[in-house]
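S.K.: The structure is given below, and queries will be raised subsequently.
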Ligand SMILES: NC(=O)c1ccc[n+]([C@@H]2O[C@H](COP(=O)([O-])OP(=O)(O)OC[C@H]3O[C@@H](n4cnc5c(N)ncnc54)[C@H](O)[C@@H]3O)[C@@H](O)[C@H]2O)c1
């Protein structure tokens, strides 16, 4: 792997290159550990570069700090040539686990190319990993909808601050997967009207509000949302420009850009996906008084769940922590925005940086 990354005030504190097996190379970036051991996923792709791993590790530093967790950020990237004859994925993960055994300030989790089964063998080898199967104390965050629930807690905090009124609020959800479907259910449970949802194939719209439980049943049966009989099928991306109180992008990155952000007619955007809007789009939203709650605050439900799992906590404790932390962080963000003209992402990043700097002052330095 070629190495190009920049170090700054935060880190990285460690960049480690490993060759766990002859056909596998790995890079582990422990970005910052001021708040506690770094949590971050193991990405197994043919193209993972150190620069990408370092950027993702930094994103985890900020996300964990913004979430209010006692954890820093890290990430690893594993590249492997086609699996060697006679070597199983299980053996590869065990070899990777052994290679990171001494990196005790790094707690691996699942990411692209790895899953709970991979984390189970890592945990078996070195006693450290999150995102485990439930039989080993794991909390199945996608099945339970931890991130979608967190988005609804974010909306609750905005409602408590009188920024929005959830009763009858029109909500549009882009992406009806683990995050979007659970966000829709939780928002509907709080009185919002889910007027449109999309998946990769299309979208469905109903001004009076869609029946989310029926939509979930259709999804479970493998049917695309556009075929849902309880609403009208519309062009997939048209729902992004609907007038609504809440817009939840929960599909992929860079949906909103400098070119299209002016078309958004939502009052508030809760970022379910990671970086669903470019910096230019976020600036346009700010200028147009569209409140955007950035990913590092709004979609932290999953990582909060993982941190509770690491502590040996239960599902109920994980959901209580999501409610408490996302509620408090959203309220703090609103206060910070009221006190300055900063963009929401700047304010959220500053919130994370303040926590990291405060923790750093307590750490031993040589
Ligand atoms: N799962 C989590 O806890 C979590 C936490 C934080 C961030 N995220 C991010 O949120 C996003 C969604 O994650 P997920 O776990 O729900 O994934 P998922 O694969 O379960 O669901 C993605 C959904 O988006 C739809 N989709 C894809 N492209 C689309 C498009 N162009 N327009 C409309 N719909 C589209 C898919 O059909 C699917 O319904 C991802 O970017 C992920 O990185 C997930």
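Here the Cβ of each residue, glycine as well, is placed from N, Cα and C on the backbone.
Pulled from TrEMBL, these are the listed features:
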BINDING   63  substrate binding site
ACT_SITE  75  active site, proton donor
SITE      111  site 'Important for catalysis'
BINDING   147  NAD(+) binding site
S.K.: Sequence order is fine: just name those recorded positions in 63, 75, 147 with a Cα within 10 angstroms of residue 111 (site 'Important for catalysis').
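M.R.: Within 10 Å Cα-Cα: 75.
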S.K.: Test of understanding: give the count of other CB atoms lying within 10 angstroms of the CB of the residue listed as 'active site, proton donor'.
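M.R.: Around the Cβ of the residue listed as 'active site, proton donor', 31 other Cβ atoms lie within 10 Å.
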S.K.: Among the recorded positions 63, 111, which residue has the fewest other Cβ atoms within 10 Å of its own Cβ?
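M.R.: Each of the recorded positions 63, 111 was scored; lowest Cβ tally within 10 Å is 111.
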S.K.: In DSSP terms, helix, strand or coil for the residue listed as 'active site, proton donor'?
M.R.: strand
S.K.: Among 63, 75, 147, which recorded positions lie by ligand 1, judged by Cβ under 6 Å to any atom?
M.R.: 147
S.K.: What is the interatomic distance between the Cα atoms of the residue listed as 'active site, proton donor' and the residue listed as 'substrate binding site', given in whole Å?
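M.R.: Pair distance, Cα basis, whole Å: 13 Å.
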S.K.: Would you mind reading off the Cα separation of the residue listed as 'NAD(+) binding site' from the residue listed as 'substrate binding site', to the nearest angstrom?
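M.R.: Each residue's Cα considered, the residue listed as 'NAD(+) binding site' and the residue listed as 'substrate binding site' end up 13 Å apart.
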S.K.: Please report the number of other Cβ atoms within 10 Å of the Cβ of the residue listed as 'NAD(+) binding site'.
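M.R.: Its Cβ has 27 other Cβ atoms within 10 Å.
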S.K.: Look up residue 111 (site 'Important for catalysis') in the DSSP assignment and reduce it to helix, strand or coil.
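M.R.: For residue 111 (site 'Important for catalysis') - judged by DSSP and reduced to three states - the answer is coil.
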